[in-house]
Amino acid sequence: MAARDDAGARKAQHDAEIHDLRSQVSMLEEEVSVLRRKLAESPRQIRVLEDRLHETQAKLAAVTGQNERLVATLKEAREQIIALKEEVDRLAQPPSGFGVFLGAREDGTVDIFTGGRKLRVNVSPSVDVSQLKQGQEVLLNEALNVVEALGYETQGEVVMLKELFDDGERALVIAHADEERVIKLAEPLRGVPLRAGDSLMLEPRSGYAYEKIHKAEVEELVLEEVPDITYEEIGGLGPQIEQIRDAVELPYLHADLFREHKLRPPKGVLLYGPPGCGKTLIAKAVANSLAKQVAEKTGQEGKSFFLNIKGPELLNKYVGETERHIRLVFQRAREKASAGTPVIVFFDEMDSIFRTRGSGVSSDVENTIVPQLLSEIDGVEGLENVIVIGASNREDMIDPAILRPGRLDVKIKIERPDAEAAKDIFSKYLVPGLPLHPDDLAEHGGSEEATIEAMIQRVVERMYAETEENRFLEVTYANGDKEVLYFKDFNSGAMIQNIVDRAKKMAIKQYLETGQKGLRVSHLLAACVDEFSENEDLPNTTNPDDWARISGKKGERIVYIRTLVSGKAGSEAGRSIDTVANTGQYL
C-alpha cells in the first residue's frame with residue numbers, strides 16, 4: 001500500500017516535471033521565434049541607426065559652425081565694448097591745454113606760458129626736459145603739468161625786423177601802425193641770418209618769433225644782376241651816353257681825383273623824355289659798364305647790381321607800406337654797396353609815385369612818400385657806391401624837392417631821334433648776316449653792307465620827309481597859332497624796332513608764299529606805312545596838353561588836336577581827337 005502510494009507520488013512528480021519541461025520548450029520555441037524575427041529585422045534597424053547617425057553628425061557640424069560664429073561674434077562684441085569703453089573714458093577725460101616752453105629750472109620744474117600767464121609746473125617722467133627748446137609747444141594735463149613735447153607754432157602775425165640785439169635771442173620789431181615791440185627768437189630762428197627789414201612770423205601772445213617770411217612784395221625788390229646790355233647796343237644817344245658816363249662812372253672810377261679837387265659826386269641822375277627813347281636801356285648799360293670798368297681797374301672779376309624799381313609796384317593801399325618799401329630798397333642797396341660793389345637804384349616811371357605834393361586828387365599819398373625818398377637820397381651822401389637814377393616822361397609832375405641840386409643833380413634829356421640818330425638805331429637791328437633778297441643785293445654789287453646802308457637810307461628818308469603823306473596832326477595852341485606835326489616828330493627807338501620787326505615778318509611770309517627768301521627795302525617801306533597807320537588813333541586823351549607833354553612837346557599850351565592822316569581803310573582825315581573811340585598806348 002505504501003509502495004503504491006510512493007509510485008503514484010513519483011509519477012505525479014514525473015508528470016509535473018514533464019509539464020514543466022514542455023512549458024520551457026514552448027517558451028524557448030517562442031523565444032527562438034522572437035529572436036529569429038529580431039534577427040530578420042536587424043539589418044533594417046542598422047540602416048535606420050546609420051541614417052540617424054549621419055543626420056546627428058550633420059546637425060553636430062552645423063551646431064559646431066554656429067558655435068564658432070557665436071564665439072567670433074562674442075569676441076568682436078567684447079572688443080567693441082572695450083573700444084567704446086575706452087572712447088567713453090577718453091571723452092570723459094578733462095581737456096588738455098597747450099603751452100609754450102620758456103625755460104627749465106634746476107629743481108626739475110619748467111616755466112611755461114599758457115592762457116596769458118607764466119606758470120612754473122612739473123614735468124611728466126616720460127618727457128625729456130633737456131630736449132625742450134625755447135618757444136616749443138608742450139601739452140598740459142588738467143593740473144597744467146607738462147605731459148608731452150610738441151612742435152612749434154605755425155601761425156601768427158607778420159612783423160618787420162628793425163634791430164637784432166647783441167644777445168642773439170631778442171629783437172626789436174615793428175608791427176602794424178608802426179608799433180614797436182621787443183620779442184624773443186624761438187629756436188628755429190637761432191642762427192638764421194637776419195637783417196633789418198626782414199619779415200618775421202610772431203606769435204603775439206607768447207612774444208616768440210618762429211619763422212622768417214619771404215613776402216612777395218619784398219622779393220620783387222631783391223637786387224638783380226645787371227643785364228648784359230652795353231652802350232654799343234644803344235643807337236642814336238651818343239651825347240646822352242657821354243653825359244651819364246661823366247656823371248656816374250667818373251666819380252666811381254676816379255674817386256681819388258674827385259676828393260683831391262674837393263668835388264662831390266652827384267647823388268642821382270634824372271633821365272627824362274618821351275616814351276620809347278631808351279631811358280631804361282641807358283640805365284642798365286651804365287651798371288654793365290661800371291662792372292667792366294671795375295674789372296679793368298682792379299684786375300678782378302667786376303660785378304655791379306641793378307635794382308629796377310617801377311613806380312606803381314611800390315604803391316600799397318596800407319598806410320606806411322610804400323614808405324617801408326622805399327626804406328627797404330635803399331637798405332638793400334647800402335648792404336651791397338658796403339662791399340665795394342656799385343649799386344644802381346633805378347626808379348622807372350618816377351612821376352607815377354613821386355608827384356608834386358598837394359597835386360593829388362584823392363589820397364595825396366605823395367605827402368609822405370616824397371619826404372621818405374628825400375631822406376633816403378640824403379642818406380646816400382656817405383656811400384660812394386650807390387647811384388640813384390630816375391626815369392620819367394613827365395618830369396614836370398615830379399616834386400621839385402627831388403629835382404633840386406644835391407639830390408638828382410644831373411638831368412639828361414633823352415630826345416626823340418633825328419634822321420642821323422634813326423640811321424644809327426636802324427643799324428643796330430639791320431646787321432650783316434640777315435637774309436637779304438638777291439635782287440636788292442644785285443643792285444649794290446652783292447655787298448651786304450652796302451645793301452643794308454641803302455635800305456636804312458631809303459626808309460629814314462621816307463620817315464623824315466615832310467610830305468603830305470607824312471602829315472600826322474594839326475595842333476592849335478592857346479594863343480590861336482596852329483602847327484602841323486609830322487610822324488618824324490613822334491618817332492622813337494621803340495617805333496624803329498617795331499618797323500624792323502614788321503619788315504622781317506613780311507619777308508618770312510613772302511618766303512612761305514613764293515619761296516623767295518630775303519629782306520627787301522620794300523618790306524621796310526611797307527612796314528613804315530603800316531606803323532604810321534596804326535598810330536593814327538593813338539593820341540586819344542581828352543586833355544590834349546597832357547598828351548602833348550607825355551609825347552615830348554613842351555612850350556605853349558595845346559588846346560585842340562586834329563588828326564590829318566588817313567592811312568587806314570575806312571578812316572577819315574581831319575577828325576577831332578575827342579571823336580576817337582579806340583584806345584592804345586601813348587606815342
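Heads up, residue numbers simply count up from 1 along the chain you see.
Using N, Cα and C of the backbone, Cβ positions are placed for all residues, glycine too.
Since this is a predicted model, take the numbers as computed values, not measurements.
Per Swiss-Prot, the feature ATP binding site maps to GLY276, CYS277, GLY278, LYS279, THR280, LEU281; the stated evidence is sequence analysis. All chains included, 23 other C-beta atoms sit within 10 angstroms of the C-beta of GLY278 (ATP binding site). Secondary structure at GLY278 (ATP binding site), taken from DSSP and collapsed to helix, strand or coil, is coil.
Here Swiss-Prot flags 9-94 as coiled coil, drawing on sequence analysis. Mean pLDDT for the coiled coil (9-94) in the predicted structure: 86.
Of all the binding-site residues given, namely CYS277, LEU281, the one with the smallest number of surrounding CB atoms inside 10 A is LEU281. Taking a C-beta cut-off of under 8 angstroms and a sequence separation of 6 or more, THR280 (ATP binding site) has the following same-chain neighbours: ASN308, PHE346, ASP348, ALA391.
Less than 8 angstroms from the CB of GLY276 (ATP binding site) sit SER492, GLY493, ALA494, MET495, each of them six or more residues away in the same chain.
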